[in-house]
Structure formats: C-alpha cells, structure tokens
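Swiss-Prot lists 1-12, 65-78, 137-157 with the feature topological domain 'Extracellular', giving sequence analysis as the kind of evidence. Residues annotated as topological domain 'Cytoplasmic' in Swiss-Prot, with sequence analysis given as evidence: 34-43, 100-115, 179-311. Residues or ranges marked as transmembrane segment in Swiss-Prot (evidence: sequence analysis): 13-33, 44-64, 79-99, 116-136, 158-178.
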Amino acid sequence: MGHNHNEGANKKVLLISFIMITGYMIIEAIGGFLTNSLALLSDAGHMLSDSISLMVALIAFTLAEKKANHNKTFGYKRFEILAAVINGAALILISLYIIYEAIERFSNPPKVATTGMLTISIIGLVVNLLVAWIMMSGGDTKNNLNIRGAYLHVISDMLGSVGAILAAILIIFFGWGWADPLASIIVAILVLRSGYNVTKDSIHILMEGTPENIDVSDIIRTIEGTEGIQNIHDLHIWSITSGLNALSCHAVVDDQLTISESENILRKIEHELEHKGITHVTIQMETEAHNHDNAILCQPKMEKQRDHHHH
C-alpha cells in the first residue's frame, strides 16, 4: 500500500508545481520579449521544458495507474520512460538553440530593459524555490525518475534565475551588455547536462539495461548460494520502469526435490532479492536432464541453432 500513497503524493506535487511553473513561464516569456533579455527568454525556455516535463510526468502517472491488459501485459508503466526520453531530447534542443542565439548576441549585445529583467528574474527565483521546496517535502525525488527529472529541472531553473539576476545587476551597475548572453550560455549548459543525463538513463531502461543500483555478480552469488540451487543460467535483470526491477532465470535443482521444497527455495530467493531491490522475480526450476546451453547470460536463438548444427 505504501506505493499507492506515494504515487498520490507525487501526483499532487506534480500538479501544484505544474500550475506554478506554467503560470510563471508565461510571465517570464512575455517579460523576456518586452525587456529584450535573452537570459530571461532562455530561462523561460527552460521553464517551458519544465512545464512540459511536469505535464508528461502527470500523464505518465495517470497512465501507469491503468491496469495491465491482454494487449499490454506490463500495463503502461513504460510510458514514463518514453516521456523522459522525449523530455531529455527537448532539453538538449532548447539548450543548443539558446547557445546559438547567445553567440549571435555576443558580437552585438542589444539594449536590455534591466529593471524589468531584474524584477522578473527575482520573482522567478522565488517561484522556483517554492516549487523545489514542495517537491522535496512532498515527492519522491530520489527513486522516481519522473519526479527526479522534474526536480532537476527546477533546480537548474533556479540557477537560471540567479544567472538572470546577476546579469541584470552587472548591466545596471557596469553597463556590461555581454552579461546577458553569458548568463544564457551558462543556463543552457546546465540544461544540456540535465537533458543528456535524463536521456541516457531512460535509454538504458528502454534497452533493458541492468538497473544502475544492481550488481549482477552479487545477484548470481546470492541465487547460486541458496541451499538447493546447483547453478543458474539464462539470467536477465531489467527495469520495467524507474524503481520497478525484474529478474528471470533458469535454476538447476536436484531432480528428487518435491514441489513444496522447491517453493521454499523460491521463497528464500525472492526474499533475498527483494532486499536487493528486485521485486518482480520469475525463476524456472529445472533438473540436470533439461538440456540447455549453460551460459549464465542467454544467447540469441540464431547462435544456438548454429551451435547445434556443429554437433
């Protein structure tokens, strides 16, 4: 049940953050145009990607709650990961555009209405601080990729607002017009970094990669070290979505075991694996007589057929 309460809290946090950020983003975009500040516009661009990522995260949560059906036996849990990829890609594109725009401006800094820029960026900082605080106190910023993504966005947004504030102050006091494009580039690099990381982690999950926090050798030792298991092969460990890890393998046991004895062994293994963060476990029990390649990790069928022709 803990899981459900958590999802509800996460959803509420996302909804409140979405409303606050979208509202402020509109103000900041208009402000950026009126004051002619690229730092504000780049921060608004970042806010836009935030607001999209929050919206997608909300849709992902809603979809992930839909039950699995005959057509999608895992349910819609992966949507969250697809959403994270799209979001990451959007961040990368936005940041590259801002860098391009800023380089243009260095050679020819336009006139910026600094007071407006300063006011808007200070409001932005306050909004970001509020949203970050709501996320920290109410959401699961550690384990849930979607909330983590949204939280990282907000944190780098905050840096964006700080950048715009500093740029406005530099222009007001020293007349340094280049401070505006410089602040934009710094924000853009931060955006690029978080976009790259979110995309990389999501693609790893889509490629059925081994979850980050799982040590395969340790898992093999754990299963093979369980009394009654002789060895395992055809092992797969993957993430269905962030925080939901699955494992399947074939385990060789003594052919004299009764079904209830093998159930006991399974229960032990499931218990051990749950402590290591794997909750969805499928183990096929076999005896020595069941002929298989003994590779711990599975080979594709094509290779197996080739091997059989040689025998």
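Cβ atoms are placed via backbone N, Cα and C, with glycine included.
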Could you put numbers on the helix, strand and coil content of the topological domain 'Cytoplasmic' (100-115), residue by residue per DSSP?
10 helix, 0 strand, 6 coil
As a test: from 13-33, 79-99, 158-178, pick the stretch that has the greatest number of Cβ pairs under 8 Å with the transmembrane segment (116-136).
158-178
Within-chain partners of the topological domain 'Extracellular' (65-78) [C-beta distance under 8 Å, separation at least 6 from its ends]:
7, 206, 240-241, 244
Given a Cβ distance threshold of under 8 angstroms, which distant residues of the chain, six or more beyond its ends, lie next to the topological domain 'Cytoplasmic' (34-43)?
28, 98, 101-102, 105, 110-114, 116-117, 120-121, 124, 157, 160-161, 163-164, 167-168, 180-181, 183-184, 187-188
Distal contacts, the topological domain 'Cytoplasmic' (100-115) - CB-CB under 8 A, six or more residues away:
34-38, 42, 168, 171-172, 177-178, 180-182, 184-185, 188
